[in-house]
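If you look up TrEMBL, you'll see 25-48, 60-79, 91-118, 130-150, 200-226, 238-260, 272-292 marked as transmembrane segment. Feature annotation from TrEMBL assigns domain 'G-protein coupled receptors family 1 profile' to 41-290.
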Amino acid sequence: MSRANESAPQEFILLGFSDRPWLELPLFVVFLVSYVLTILGNMTIILVSHLDPKLHTPMYFFLTNLSLLDLCYTTSTVPQMLVNIRSTRKVISYGGCVAQLFIFLALGSTECLLLAVMSFDRFVAICRPLRYSVIMHHGLCLQLATASWVSGFSNSVLQSTWTLHMPLCGHREVDHFFCEVPALLKLSCADTTANEAELFFISVLFLLIPVTLILISYTFIVQAVLRIQSTEGRRKAFGTCGSHLIVVTLFYGTAIYMYLQPPSPTSKDRGKMVSLFYGIITPMLNPIIYTLRNKEVKGAFKRLISRAFLINK
């Protein structure tokens, strides 16, 4: 019984950068501002896409899914991080850590697949424009989105279960800002080689395979765009894909660096910063990238504001 109690601490200590207290105030400001912008930006995209009939298309259906995902993604970690940074006791309950691990892993896996689905949507729109409405019908969009969410949460169930079954032997200091698989595996007093191999294998499935599919899609997209005669047509085609390509680069680049590089003690702090980037900064940048580069979203937002102004008037 005592061994079981040692294996499952009542709470974990999230170290973060507690060894560098001078960093805590700047980080608190960055996290708070990023979180507020993430909430406002993604809520705006969800509302605009829902309320404007012109945006009731597959592209904005998937973008709404991405915004909802990013809202939940950051909310699973950032509020706890803000509390801990300004607190002397940087703790999280065992149940809170389990929930954080499960949700963060599920939504991260879902985003990997959803971005690949969005690239397929752009491929059909550019390379098969005359058959776009037939191929990307509402039923297929629902199936693709559902498959992404179900696969992401199924992966999280497996990885969370395997990670939490590792004996901790009283270790409870997590050298991270939140509960993530690599950080929790370092607490185990057992051999984690099999878990690390499993994590690497699943990371290949959820990172490299979608990236490969995205690259293949964009190879065909570039070929199709170069065949367009008018400069305006090329610019519009590249514009619809540019935002997605930027988001893909930011998310997959940092996630691949985090999960597919060999473990190294010298890269410990760098790994924390990379996790913060794809866990906090990328969800904040997504709505900014999509709105600043997208005339349809900006136009829909202006129409929504004008309508609200007329109603209040």
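Just so you know, the numbers here start at 1 and follow the chain as drawn.
Any Cβ shown, glycine's included, is placed from N, Cα and C.
Heads up, TrEMBL stuff is auto-annotated, nobody curated it.
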Check the transmembrane segment (200-226) against each of 60-79, 238-260, 272-292 and return whichever range has the most CB pairs under 8 Å.
-> 238-260
Contact count check, CB pairs under 8 angstroms to the transmembrane segment (60-79), set 25-48, 91-118, 130-150, 238-260, 272-292; argmax is 91-118
For the transmembrane segment (130-150), could you work out the same-chain residues 6 or more beyond its ends whose Cβ comes under 8 Å from its Cβ atoms?
-> 58, 61-62, 65, 110, 113-114, 117, 120-121, 124
Could you give the mean pLDDT over the domain 'G-protein coupled receptors family 1 profile' (41-290), rounded to a whole number?
-> 84
